[in-house]
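Peer 1: Annotations per Swiss-Prot:
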- Asp157: active site, proton acceptor (ACT_SITE)
- Gln33, Glu108, Asp139, Gly140, Pro164: S-methyl-5'-thioadenosine binding site (BINDING)
- His64, Asp88, Asp157, Ser158, Ser159, Asp160: spermidine binding site (BINDING)
- 2-237: domain 'PABS' (DOMAIN)
Amino acid sequence: MELWLDEALELKNGRALKIKVKEFLHSRTTPFQKIDVFESVGFGRMFTLDGVVMMTEADEFAYHEMIVHVPMMSHPNPEKVLVIGGGDGGTVREVLKHPSVKEVHLCEIDKGVIDVCYEYFPEIANAMKDPRVKHAYEDGAKYVKDYQNYFDCIMVDSSDPVGPAEVLFKRPFYETMANCLKEGGICTTQGESFYYHGSIIRELFNFIPEIFKHCGYYYTVVPTYPSGIIGFTYCSKGPDPYTVVPDPQRVPQGLKYYSAEMHKAAFVLPQFAQKHIVRK
């Protein structure tokens with residue numbers, strides 16, 4: 001009997017992602033969500049939260065490299081970094097590729113995600129065991145309130161704006177992040193797909209330009225995410241990632257997606273998507 005995963009995230013809009021499953025490996029329900037792990041035929045090992053694909057071994061690098069290296073390469077000397085969400089460890093792994101980093105705070109509300117990823121995705125998750133990484137299992141929107149003028153870079157590696165992640169797409173959270181960043185600090189947040197989620201993106205850019213010196217949107221290509229595209233909002237109190245010319249000598253070795261050229265290209269949006277964005 002063939003097994004297939006049908007991702008239901010876009011089902012109400014008449015769209016679905018179907019992935020052939022080789023083996024069902026694990027399932028658990030935490031106080032926050034249901035976590036499932038599969039061995040897929042075409043994308044390697046993968047996990048879902050409440051039936052929505054979060055990561056696969058085959059394409060995770062495209063997301064993790066772009067959420068991290070665009071802000072990190074735009075900042076002249078990122079030493080203190082905050083990752084909100086990101087319990088799979090991929091974002092932390094990429095952050096630690098920058099030798100300037102002295103301290104990484106990982107704020108993941110659901111410890112169950114980290115535990116599952118340690119067991120089933122050790123090559124990705126073990127980066128979270130680095131001694132520079134400080135773990136906090138709490139709401140990221142509350143965590144940032146405890147730090148003022150502290151972080152050089154913040155990456156909000158969140159799920160979609162439902163349930164526990166909904167607050168991470170609201171104005172008060174962005175205002176608190178601005179206070180949390182040092183002068184010259186930069187943050188990036190998971191910004192949905194400009195094909196499917198234009199209304200969410202427009203809502204974000206109704207208030208982000210009022211809070212930050214620079215802001216805008218860029219994207220990456222991930223086959224197992226809705227529409228195959230996932231975007232990021234960037235917000236900066238200092239350098240503008242859109243105009244920064246990355247130093248090729250600072251680009252970490254061994255990357256699969258990010259490069260100095262890709263950094264520049266990621267900001268080029270199709271005309272229909274530009275109407276959702278305010279670049280400042």
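The backbone N, Cα and C atoms fix where each Cβ goes, and this holds for glycine too.
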Peer 1: List the Cα distance (Å, whole number) between Gln33 (S-methyl-5'-thioadenosine binding site) and Ser158 (spermidine binding site).
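Peer 2: Rounded to a whole number, the Cα-Cα distance is 13 Å.
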Peer 1: Any same-chain residues 6+ apart from Gly140 (S-methyl-5'-thioadenosine binding site) with CB under 8 Å of its CB? Would you list them in sequence order, or say none?
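Peer 2: Gly140 (S-methyl-5'-thioadenosine binding site) has long-range Cβ partners Ile84, Gly85, Cys107, Ile109, Val156, Ser158, Leu168, Phe173.
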Peer 1: I'd like the Cβ neighbour count for Ser158 (spermidine binding site), meaning other Cβ atoms within 10 Å of its Cβ, all protein chains included.
Peer 2: 20
Peer 1: In terms of Cα spacing, which of the recorded positions Glu108, Asp139, Asp157 are within 10 angstroms of His64 (spermidine binding site)?
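Peer 2: Hits: Asp157.
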Peer 1: To the nearest whole angstrom, what is the C-alpha distance linking Ser159 (spermidine binding site) and Glu108 (S-methyl-5'-thioadenosine binding site)?
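Peer 2: About 11 Å separate the Cα atoms of these two residues.
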Peer 1: Rank the recorded positions Asp88, Glu108, Asp139, Asp157 by the number of other Cβ atoms within 10 Å of each Cβ, and give the residue at the low end.
Peer 2: Asp139
Peer 1: How many Å separate the Cα atoms of Asp157 (active site, proton acceptor) and Glu108 (S-methyl-5'-thioadenosine binding site)?
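Peer 2: Here the two Cα atoms are 9 Å apart.
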Peer 1: Measure from the Cβ of Gln33 (S-methyl-5'-thioadenosine binding site) and count the other Cβ atoms within 10 Å, all protein chains considered.
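Peer 2: A count of 20.
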Peer 1: Three-state secondary structure of His64 (spermidine binding site) from DSSP?
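Peer 2: Note: His64 (spermidine binding site) is helical by DSSP.
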Peer 1: Which one of these binding-site residues has the most other Cβ atoms within 10 Å of its own Cβ: His64, Ser159?
Peer 2: His64
Peer 1: If you measure Asp139 (S-methyl-5'-thioadenosine binding site) to Asp88 (spermidine binding site) at Cα, how many Å is it?
Peer 2: 16
